[in-house]
Amino acid sequence: MAKLLSCVLGPRLYKIYRERDTDRAATSVPETPTAVPAASSSSWDSYYQPRALEKHADSILALASVFWSISYYSSPFAFFYLYRKGYLSLSKVVPFSHYAGTLLVLLAGVACLRGIGRWTNPQYRQFITILEATHRNQSAENKRQLANYNFDFRSWPVDFHWEEPSSRKGSRGGPSRRGVALLRPEPLHRGTADTFLNRVKKLPCQITSYLVAHTLGRRMLYPGSVYLLQKALMPVLLQGQARLVEECNGRRAKLLACDGNEIDTMFVDRRGTAEPQGQKLVRRGREPKGVVGSTGYSVLGWNHPGFAGSTGVPFPQNEANAMDVVVQFAIHRLGFQPQDIVIYAWSIGGFTATWAAMSYPDISAVILDASFDDLVPLALKVMPDSWRALVTRTVRQHLNLNNAEQLCRFQGPVLLVRRTKDEIITTTVPEDIMSNRGNDLLLKLLQFRYPRVMTEEGLRAVRQWLEASSQLEEASIYSRWEVDEDWCVSVLRSYQAEHGPDFPWSVGEDMSVDGRRQLALFLARKHLHNFEATHCTPLPAQHFQMPWCL
């Protein structure tokens with residue numbers, strides 16, 4: 001009876017990973033006395049095969065879940081309609097509550113039938129036995145056996161906790177339960193006294209900003225956190241996870257962040273291979289695709305809060321909290337030194353990447369692909385002009401992805417990948433490459449690091465280079481100013497040897513206009529790599545490269 005109850009309350013099982021060798025296959029069956037003997041794994045299909053009762057019951061519950069999600073999103077309009085029609089009176093609500101109660105009882109019955117279907121399936125009974133054993137004792141053997149299954153990640157045991165003593169060494173106290181530190185925006189009206197009357201006047205605007213950010217704003221910025229979209233993309237996600245586990249020996253883990261969110265991660269370890277770059281860890285948001293293929297680097301991928309198996313909602317504070325526990329996991333559990341960690345981020349992942357670079361200054365390098373400097377211009381692009389003040393206030397208070405500000409606090413090597421056909425982070429049309437906010441990210445970084453080089457002449461030369469529509473035109477602009485790369489490297493190395501590596505540098509202070517132009521173009525070319533593609537095109541392995549280092 002206890003096993004039947006476990007099957008009723010247990011998670012949904014998606015896949016049983018196929019074995020890669022006979023030794024592993026021989027040890028894939030749990031050695032606990034409660035385990036149910038099973039046929040050889042070669043006779044089982046790699047996808048879990050539910051019995052008819054479980055399959056049909058699962059379909060009914062999945063359909064009910066989709067209807068509930070649709071009802072949740074449409075509830076404000078539904079309540080308004082019912083109110084206008086007079087259906088919210090007590091005489092109407094009571095019968096409706098009876099119908100809702102009956103529906104819930106029926107769904108509970110369907111869940112019980114699904115549990116019976118699972119109980120009659122030896123595959124599921126073996127899985128639930130391993131899961132329960134792992135929750136009781138997280139031994140290496142139990143976790144290895146559990147890794148052969150892909151199931152609802154909510155039931156996966158926590159592998160790493162933000163409060164683990166070893167993870168807080170040398171972190172100056174580490175994060176509190178409220179979260180890690182973020183850069184806060186300056187007040188919109190700096191000279192105004194913050195009196196009680198002013199607070200009351202601001203209250204309606206603050207409430208409106210909060211509602212916009214937590215309803216429309218967050219879902220527009222992070223569409224991958226919307227349940228219906230996740231449901232539609234689930235088969236693709238499962239296929240990608242299976243490839244990482246079966247072909248790349250990926251290891252999944254659940255991390256508990258300081259705000260209570262559970263972070264879904266996947267680690268591909270290349271340290272045991274003959275390739276020397278396997279000693280370097282490339283950390284990226286979402287699943288570690290693209291750079292895994294043929295680069296040879298070890299990769300730690302993670303899903304943002306609210307994406308895939310990660311819980312919570314992807315607001316900046318939650319994002320930074322998640323990033324903090326991921327970095328701590330890489331250092332204190334996986335055994336990588338900060339100087340061996342390279343952070344790669346795509347699109348909105350630039351916020352967490354630049355936060356980590358700012359907060360962990362010893363990391364090796366940062367690579368930002370299709371990222372931007374600030375969210376405000378991109379938010380204003382998609383909203384009506386009459387909403388300008390509201391949009392600016394909402395972004396600054398609740399969705400402040402201030403990538404450039406954070407990146408300028410990092411002293412290490414940086415590479416920006418600009419998509420020349422990007423349709424997302426341009427403020428006009430994809431063909432207008434100068435409206436790509438990756439340009440602004442580059443210019444702000446160079447202006448901070450080399451303010452004497454990025455004067456009016458240097459800025460003008462770099463903008464001309466950024467405006468080039470082809471590699472041929474880029475080379476033409478580069479050669480027009482007769483950039484001597486050996487001379488540029490010599491000047492920069494001499495300055496570094498004399499003044500040290502810390503930015504900002506005053507190099508270029510006593511230099512001619514021609515010299516500043518050459519240095520500006522040289523530095524721009526070393527910090528930005530063009531990739532002729534749209535925003536969502538996966539980055540091929542041959543376009544993945546380490547940042548330039550002097």
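The chain as shown is numbered from 1 upward.
Placed from the backbone N, Cα and C atoms, the Cβ positions cover glycine too.
Annotated domain 'Phosphatidylserine Lipase ABHD16 N-terminal' per TrEMBL: 3-152, in sequence order. According to TrEMBL, the transmembrane segment annotation covers 60-84, 96-116. Under the heading domain 'AB hydrolase-1', TrEMBL lists 295-400.
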Counting only residues 6 or more past its boundaries, what in the same chain has a CB within less than 8 Å of a CB in the transmembrane segment (60-84)?
107, 110-111, 114, 227-228, 231
DSSP helix/strand/coil residue counts for the domain 'AB hydrolase-1' (295-400):
56 helix, 16 strand, 34 coil
For the domain 'Phosphatidylserine Lipase ABHD16 N-terminal' (3-152), the number of residues DSSP places in helix, strand and coil:
101 helix, 8 strand, 41 coil
Could you tell me the mean pLDDT the prediction assigns to the domain 'Phosphatidylserine Lipase ABHD16 N-terminal' (3-152)?
81
